[in-house]
């Protein structure tokens, strides 16, 4: 019988839970770490989140909520350091984490949970020093990303592949967002199936919900707040602007829609809510140039990343949220949109096949041909009753994705990891 888990060290080297999602390297992983930590703390589990300090102005320790502390570790230059360069700073980061733990009595942490391969390298060392279970979440995997690269995207380096293979072999448990990710861990990385736990991410259903229980009425209110026309056909993209997310597919689809029906120009609005992460046309200025070349610059509205309450208003205002990513380990944007009552049109890749129920809460499209997206989006415009059915189905589906259920399952994974370590220490195989 495992002893209760009282304190967890969470490691997120390359992105801080305090960063605004949608900027730089901050995205769904940030939301995941914050939501899990808050809910663990509410259940009496203390969480220390170690992340790299990116400014000398940051305090050594910042309280996120009661029971959750963010610990900033100085390792390398504070600014102008790309994620691809962080592997060279892992020794300094690991040293900082080990020093922080050494300031406490032995056994201060009951478990390590690392996020992304860089953090896994740190956890791999700390696990040996502390004698505690290591649970690791990949969030994305190099072999999967390299098999589905977007045009203009850069392949993940060999050092990342090696790092992921090392943490796969060294972790006591691996957390997969979906059954497909679990299969990829086993088939591509040789993970032990018995050490892979599927934990579906959640949505904050108290925040992401139809306003006052209304679907169309809630959309009207949101559009007034955002200064959007009531009669617009609003297509929404949310996320970091990078090749992987393929926002250009939406712009090209919108151009095809207007070309096929010039009268649509009076009503079509494409909103892109997100910040730069990458280069070329995947940056806002690159997308703006593309919109001009396509002749739809007047239809596209670019908005910076925004706090979650405002983001929920964008979801409510939209007719459809479009997620044309080349790969997603889950697809938090799709889940949030559905929770607000807005159906999703998404690429049938990765975790999006779990996050969206095709034909019930949205539409999944094979491939990334803008013509296919234009056809689906045009049909949804022309069939408002179908949109309404999908909107209702989206809300129903999202209700199965609350964060509390995620934490319930994650605690089961933590317990399994502790049982494995305890059994190994006792010289017996875990049951």
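Including glycine, each Cβ sits where the backbone N, Cα and C put it.
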Need a hand: Swiss-Prot gives 315, 316, 318 for Mg(2+), which of 342, 354 is also on that list? 342
Sorry to bug you, but what's the C-alpha spacing from residue 28 (1D-myo-inositol 3-phosphate binding site) to residue 245 (UDP-N-acetyl-alpha-D-glucosamine binding site), rounded to the closest Å? 12
Given the binding-site residues 240, 316, the candidate whose Cβ has the fewest other Cβ atoms within 10 Å is 240
In terms of Cα spacing, which of the binding-site residues 14, 30, 116, 160, 336 are within 10 angstroms of residue 342 (Mg(2+) binding site)? 336
Including all protein chains shown, what's the count of other C-beta atoms within 10 A of the C-beta of residue 28 (1D-myo-inositol 3-phosphate binding site)? 24
Report the nearest neighbour of residue 336 (UDP-N-acetyl-alpha-D-glucosamine binding site) in space among the binding-site residues 14, 316, 318, comparing Cα positions. 316
Work through the binding-site residues one by one (14, 28, 160, 315, 318) and name whichever has its CA nearest to the CA of residue 240 (UDP-N-acetyl-alpha-D-glucosamine binding site). 28
